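Annotated features, as they stand in Swiss-Prot:
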BINDING   38, 44, 98, 100  Ca(2+) 1 binding site
BINDING   38, 98, 100, 110  Ca(2+) 2 binding site
BINDING   100, 103, 108, 110  Ca(2+) 3 binding site
BINDING   192, 254, 256, 262  Ca(2+) 5 binding site
BINDING   192, 198, 254, 256  Ca(2+) 4 binding site
COMPBIAS  565-587  compositional bias 'Pro residues'
DOMAIN    2-134  domain 'C2 1'
MOD_RES   19  phosphoserine
MOD_RES   103  phosphoserine
MOD_RES   140  phosphoserine
REGION    562-593  region 'Disordered'
């Protein structure tokens, strides 16, 4: 059946489709002690940055700095501005060249070395400043064909150290701005047969490709044609992605109980226009295009007026990270008998010589991203639901490395090693109790509440939770502490209880006490199993979904406690670049490569 005109389907309003765009960071590049390839002077360096596609793993050139004449210690002026996603592994590559001509073909220039890292590594380093040695690998990529070619063809020696690259990340200032505004409307069209309209506004930001993404929806004002909506706040990047002149579309609807909301009309504006505040420039005619086409005398379907507008700068996730906040990562693994005998291929704990099991895949996907925000890379790893040697005592909080005093493992590989070792020594048993591991991490989080540390607990489980009441109480208590909980459900069990713990729809409570914050994120592993066998891509999606809420959860805790970000640590003193004989240090050559 064709939808009546001026009606919108419920699905358009089910959720705020399209996440807030990532914050943008500016990467600054410096190098020290580059190889000297020029016979009678120093090298003329250029840095090329590449990003790697998540799906095809191909390196794509992102941009180039300027060429700096006659120096082995360049401080490049031209920056790289990139979108930052905490929840994604954003691989970067930096190639250095000594430019010998005006040719844009990189194979015409001497290769000086390269470095690989992730954006998270740069951001998570002390002061968001990362130093890495430049090396000449066995292969580099031909800039024209994209195919590997021997790096030695440019005169390098594979594996040789070629100086140091220094990468600094700075969040762009307009990414931290939050706009607060209020609107009212006057003489909106009457849509309800037995009463006035029930109007609400829907805001959309425009995308680069001309499409629109919903970014805010006001509350519904019942039975009025002259509504005054409540004041609301929204990150500027959500409204316009930092582009002050980008179109913002606002649609006006009449709410209907059955979800088939009636379209009243629309108008467009921009952040720059809104920032003028209350004025004649911010009174908008609400236009219904279909009515305008059909009726010659049509004027408008009412007006919407901006009553107030203010913008302030808020502390962001990256402010806290740059100020030294460490993310303490702990993993807890389900060793209950419902996983199946680890020696059999049907077991969720089966260790195939050919591929990682679901537990190891989930752990690696989350761990390899979060590890860069913990400077010592020592991660506590716990197990629950097993009988331990030598006496068969059932434990719901045992160290995978067997060390009761210090359950920390060195890196993600250390956790995997301890996990595999535990499978050979403990007996899978039960029941599935979460409360002990939640309480364990909460105890550590409670010990440091000055903003210098934030704990993230990853629980990987296969079964129906056995201690729901105790777990709810532990989570409600943990919600006032600097910690978040990620739960990944593996296997084919029903995970209804996990969805309840997630608290996206209904905030969890215990003994009549509501959790102060939503700190739990749950995903079922089976939703990410790629039938094509592309585990890399499917696990990247899993990590993205479970980690996406962590930055906001960290900031919400800090704000609730009144904790401001600390100033970034001072950068270590560098030896000043040596001035070349006939060119000031850092003077760019006017050659566009």
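Glycine is no exception: its Cβ is also placed from the backbone N, Cα and C atoms.
The structure, with features from Swiss-Prot marked on it.
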residue	record	DSSP class
44	Ca(2+) 1 binding site	coil
98	Ca(2+) 1 binding site	strand
103	Ca(2+) 3 binding site	coil
108	Ca(2+) 3 binding site	helix
198	Ca(2+) 4 binding site	coil
254	Ca(2+) 5 binding site	strand
262	Ca(2+) 5 binding site	strand
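Taking the C-alpha positions, the distance from residue 44 (Ca(2+) 1 binding site) to residue 110 (Ca(2+) 2 binding site) comes to 10 Å.
Per DSSP, the secondary structure of the domain 'C2 1' (2-134) breaks down as 16 helix, 55 strand, 62 coil. When the CA atoms are compared, the binding-site residues lying within 10 A of residue 110 (Ca(2+) 2 binding site) are 98, 100, out of the candidates 98, 100, 103, 256, 262. For the pair residue 98 (Ca(2+) 1 binding site) and residue 108 (Ca(2+) 3 binding site), the C-alpha distance works out to 10 angstrom.
Put plainly, the binding-site residues 44, 110, 198, 256 were compared by Cβ crowding within 10 Å, and the winner is 44. Other residues of the chain with a Cβ within 8 Å of the Cβ centroid of 100, 103, 108, 110, the Ca(2+) 3 site, are 97, 98, 99, 101, 105, 106, 107, 109.
Within 10 Å of the C-beta of residue 254 (Ca(2+) 5 binding site) there are 23 other C-beta atoms, taking all protein chains into account. Confidence over the domain 'C2 1' (2-134), given as mean pLDDT on the 0 to 100 scale, stands at 83. Of the listed binding-site residues, namely 98, 100, 262, the sparsest Cβ surroundings within 10 Å are found at 100. The Cβ neighbour count for residue 103 (Ca(2+) 3 binding site), using a 10 Å radius over every protein chain in view, is 12. Looking only at the binding-site residues 100, 103, 108, the one with its C-alpha closest to residue 262 (Ca(2+) 5 binding site) is 103.
Under 8 Å, Cβ to Cβ, and six or more positions away along its own chain, residue 108 (Ca(2+) 3 binding site) finds 100, 101. For residue 254 (Ca(2+) 5 binding site) paired with residue 198 (Ca(2+) 4 binding site), the C-alpha to C-alpha distance reads 5 Å.
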